[in-house]
Amino acid sequence: MSVVSSRDLAHTRRRLQKELENLTSDPIEGLSAAPTDPSNLFSWKATIRGPPDTPYESGTFHLTMDFPEIYPRAPPVVKFVTKVYHPNIDSENGWICLNILTMEWSPVLTTSTVLLSIRAFLDSPDTDDPAEWEIANEYMYRREVFDQTARNWTEEFANPRMVVEDTTEETAPSQGVAENKIEDWELV
């Protein structure tokens, strides 16, 4: 078991602070990210607007980013909070099957490059390494059905909603199910 030195931890904090400053001073259209709690740089929330000309274009997708203490030597754990119909995103837990978040991680990658890659991934799935095989097959062989289902999910789960002032969960009128809490999410 390895112990993270205070020097390594300080390096990680400096790196995350620098990335946050870069995102703030040079924002990328359609993307935002920031710590969930200003006193904790290791847990972030992020927002991605769906890419144009895709079934996701009308959506605003929320993600969590949890950074390990040895970041950037190890990748952040990034998950969708918003349900997404996509071959490379687990529809149950939001896990993203993207090589740069695992085997192809490099310390030169940043929060911005990760979010840009995820947004590009929405438009260009990797059907050779899916999280959801059935959705990958549908994408490859029944594209119109895939596009319509992805569009429907985007409409149902990824549309910006007004937040109730007391931060209680809203109910989706069409399904009668509780929506994800989205209070305090920055809409891009």
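Each residue, glycine too, has its Cβ placed from N, Cα and C.
If you look up TrEMBL, you'll see 11-159 marked as domain 'UBC core'. According to TrEMBL, the feature active site, glycyl thioester intermediate maps to C97.
Under DSSP, residues within the domain 'UBC core' (11-159) fall into helix, strand and coil as 55 helix, 32 strand, 62 coil. Averaged across the domain 'UBC core' (11-159), the predicted model reaches a pLDDT of 96.
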